[in-house]
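Asks: Pasting the relevant annotations from Swiss-Prot:
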type	residues	note
BINDING	38, 39, 40, 41, 42, 43, 44, 45	ATP binding site
DOMAIN	4-236	domain 'ABC transporter'
């Protein structure tokens with residue numbers, strides 16, 4: 001095992017106007033599980049492929065342990081990769097697929113089989129070792145792909161959207177499987193996904209990527225509770241945070257949301273007076289009236305009933321919002337719903353920079369740079 005260091009990584013494809021990746025720096029500790037998450041086209045898979053040696057690096061340094069690996073071939077980097085499409089050899093059995101990389105390294109058959117059997121037991125693949133990939137389900141194929149990576153005993157695991165081809169139930173099962181494996185193996189892991197649920201449930205830390213730039217690095221609860229930018233606030237969460245174009249009033253005590261709607265700021269702050277802001281409210285913080293906080297009126301457009309929770313979609317202060325309510329609340333489309341908002345649940349972002357404004361530093365209107 002080893003730490004993974006990325007320093008000022010940059011990438012531009014020939015003929016492209018802008019870089020795909022710009023000044024990416026991150027330190028991944030020995031044994032840490034880090035998830036890179038972002039929308040399609042943000043550069044996350046390109047970054048993973050650069051770590052693997054499948055893409056060249058324009059600028060910057062990639063180190064695995066203390067070794068600079070920029071110029072090393074993939075086979076010499078001591079990494080193992082799990083792909084979205086499994087990448088299994090169709091003519092080989094499960095056992096042969098899992099042991100093939102060890103065979104190429106020249107290991108003896110006895111040692112290869114020992115490793116394969118050991119990993120097969122961990123992944124509950126013992127009964128499938130003589131089957132071909134076509135005889136396996138999607139979840140079984142992905143477990144074989146993971147097993148093939150594990151038998152190599154690499155310094156770093158790389159996962160490229162490994163659950164994307166699975167249905168929702170299997171994705172949930174495989175998330176638990178990956179969690180369990182990481183607790184057991186404690187191998188340094190870099191995992192790429194567009195799915196924020198995977199990021200929040202699997203990661204020790206999350207790297208949120210957008211348009212080739214890092215928006216925020218932090219633990220899942222930090223990313224969710226204190227998003228560094230309006231982009232992170234909207235992207236992380238299901239549904240994402242409601243964002244309003246807003247402005248502080250001239251006293252710095254209230255937030256003007258539009259259509260005559262206003263809310264008290266968490267703390268009076270004259271330095272914010274008249275300032276244009278983005279205001280954020282998580283769907284679960286639009287509570288049913290009577291649960292504390294200022295009461296606002298939401299016009300209901302539609303309702304999604306999801307069992308324990310109901311999602312109410314509608315208009316508030318002239319802007320589209322979603323509120324997450326308990327199962328018993330079922331407002332009719334076209335009706336008015338009274339919701340309550342506590343001041344401390346507000347998130348504030350600068351309208352121009354989109355950076356977070358911390359409540360604790362609001363007296364100086366400081367921008368968070370974490």
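Positions of Cβ are set from backbone N, Cα and C atoms, glycine also.
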Asks: Pick out which of the binding-site residues 40, 45 has the most other Cβ atoms within 10 Å of its own Cβ.
Replies: 45
Asks: Taking the Cβ of residue 43 (ATP binding site) as centre, how many other Cβ atoms lie within 10 Å?
Replies: 23
Asks: So if I measure Cβ to Cβ from residue 39 (ATP binding site) and keep only same-chain residues at least 6 apart in sequence, which ones fall under 8 Å?
Replies: 194, 210, 235
Asks: Using the centroid of the Cβ atoms of 38, 39, 40, 41, 42, 43, 44, 45 as reference, list every other same-chain residue with Cβ within 8 Å of it (recorded ATP site), in sequence order.
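Replies: Those within range, site residues removed, are 194, 209, 210.
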Asks: How does the model score the domain 'ABC transporter' (4-236) in terms of mean pLDDT?
Replies: 93
Asks: So if I measure Cβ to Cβ from residue 38 (ATP binding site) and keep only same-chain residues at least 6 apart in sequence, which ones fall under 8 Å?
Replies: 44, 194, 208, 209, 210, 235
Asks: Given the binding-site residues 41, 42, 44, which one's Cβ is surrounded by the fewest other Cβ atoms within 10 Å?
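Replies: Looking at the binding-site residues 41, 42, 44, the Cβ with the fewest others within 10 Å is that of 41.
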